[in-house]
Amino acid sequence: MDPAMPLQLWNLPLLLVGSVLGLTSVSAQGNNLEICLLPLDAGPCQALIPKFYYDRDQQKCRRFNYGGCLGNANNFHSRDLCQQTCGSIEKVPPVCRSELKTYPCDKPNIRFFFNLNTMTCEPLRPGLCSRTINVFSEEATCKGLCEPRKHIPSFCSSPKDEGLCSANVTRFYFNSRNKTCETFTYTGCGGNENNFYYLDACHRACVKGWKKPKRWKIGDFLPRFWKHLS
């Protein structure tokens, strides 16, 4: 390091790298779930840049100090941007978010756990057991408690996209955070499939799917669940 060069200039490349990483996380709209479930990673450098990340355990966006280099894509310039990218991820009960810890065993019976990365219930590999609460003796129990109730087309979760042109056309889109259809101004070209001519069409495609029976409550299966842990 040149002693004559101010410390701020040495930190400048770190700030630039941090900005690039932040932009990368924002542009990856197609992989929101993968990005948002990445663990907090402030990076190895020493800058203190205020950023936001999605906390998969608390299921909300939280502030952290980014070091300025490396890290991962779960790194947003603002809370609003974090919410736009990750806020529509389906919430699941705390029991389903518990980290899976396994150990070798010779029990032949199949058990199931909720994989937060895939948002599905999956069988434990043969020869593995677990005492964590995110393990269920029956697949139906796991699915009933943990798996998101999604009965709507995937495009209903797409963000509002006004398009690329300059027209001013009133359209409707499904706001996945509020679970309602709302108006927006469409510019006439580009955009995505979350774009409806009529409010009723948006409602039929995206709103009705959310009005299904509620997910099971933990009390519905707790005695049987604890029995299999003993």
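Placed from the backbone N, Cα and C atoms, the Cβ positions cover glycine too.
What Swiss-Prot records for this protein:
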type	residues	note
DISULFID	Cys36-Cys86	disulfide bond
DISULFID	Cys45-Cys69	disulfide bond
DISULFID	Cys61-Cys82	disulfide bond
DISULFID	Cys96-Cys146	disulfide bond
DISULFID	Cys105-Cys129	disulfide bond
DISULFID	Cys121-Cys142	disulfide bond
DISULFID	Cys156-Cys206	disulfide bond
DISULFID	Cys165-Cys189	disulfide bond
DISULFID	Cys181-Cys202	disulfide bond
DOMAIN	36-86	domain 'BPTI/Kunitz inhibitor 1'
DOMAIN	96-146	domain 'BPTI/Kunitz inhibitor 2'
DOMAIN	156-206	domain 'BPTI/Kunitz inhibitor 3'
CARBOHYD	Asn168	N-linked glycosylation site
CARBOHYD	Asn178	N-linked glycosylation site
SIGNAL	1-22	signal peptide
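Everything Swiss-Prot records as a feature, shown here on the structure.
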residue: Cys96; record: disulfide bond; Cβ within 10 Å: 23
residue: Cys105; record: disulfide bond; Cβ within 10 Å: 12
residue: Cys121; record: disulfide bond; Cβ within 10 Å: 22
residue: Cys146; record: disulfide bond; Cβ within 10 Å: 24
residue: Cys156; record: disulfide bond; Cβ within 10 Å: 22
residue: Cys165; record: disulfide bond; Cβ within 10 Å: 13
residue: Asn178; record: N-linked glycosylation site; Cβ within 10 Å: 9
residue: Cys189; record: disulfide bond; Cβ within 10 Å: 10
residue: Cys202; record: disulfide bond; Cβ within 10 Å: 23
residue: Cys206; record: disulfide bond; Cβ within 10 Å: 25
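Over all protein chains present, the Cβ of Cys181 (disulfide bond) has 22 other Cβ atoms lying within 10 Å.
Cys36 (disulfide bond): 23 other CB atoms within 10 A of its CB, across all protein chains. Model confidence over the domain 'BPTI/Kunitz inhibitor 2' (96-146) stands at 86, taken as the mean pLDDT rounded to a whole number. Listed disulfide-bonded residues: Cys45, Cys61; maximum Cβ neighbour count within 10 Å falls on Cys61. The two recorded residues, Cys45 (disulfide bond) and Cys181 (disulfide bond), show a Cα separation of 44 Å. All chains included, 24 other C-beta atoms sit within 10 angstroms of the C-beta of Cys86 (disulfide bond). Geometry remark: Cys61 (disulfide bond) versus Cys86 (disulfide bond), CA distance 8 Å. Taken through DSSP, the domain 'BPTI/Kunitz inhibitor 3' (156-206) splits into 10 helix, 15 strand, 26 coil. Among the disulfide-bonded residues Cys69, Cys86, Cys96, Cys129, Cys142, Cys146, no residue is found with its Cα located within 10 Å of the Cα of Cys202 (disulfide bond).
For the disulfide-bonded residues listed here (Cys69, Cys129, Cys142), the lowest count of other CB atoms within 10 A around the CB belongs to Cys129. A gap of 11 Å separates the Cα atoms of Asn168 (N-linked glycosylation site) and Cys189 (disulfide bond). Comparing the recorded positions Cys82, Asn168 by how many other C-beta atoms lie within 10 angstroms of each C-beta, the top residue is Cys82. Under the three-state DSSP scheme, Cys45 (disulfide bond) falls in the coil class.
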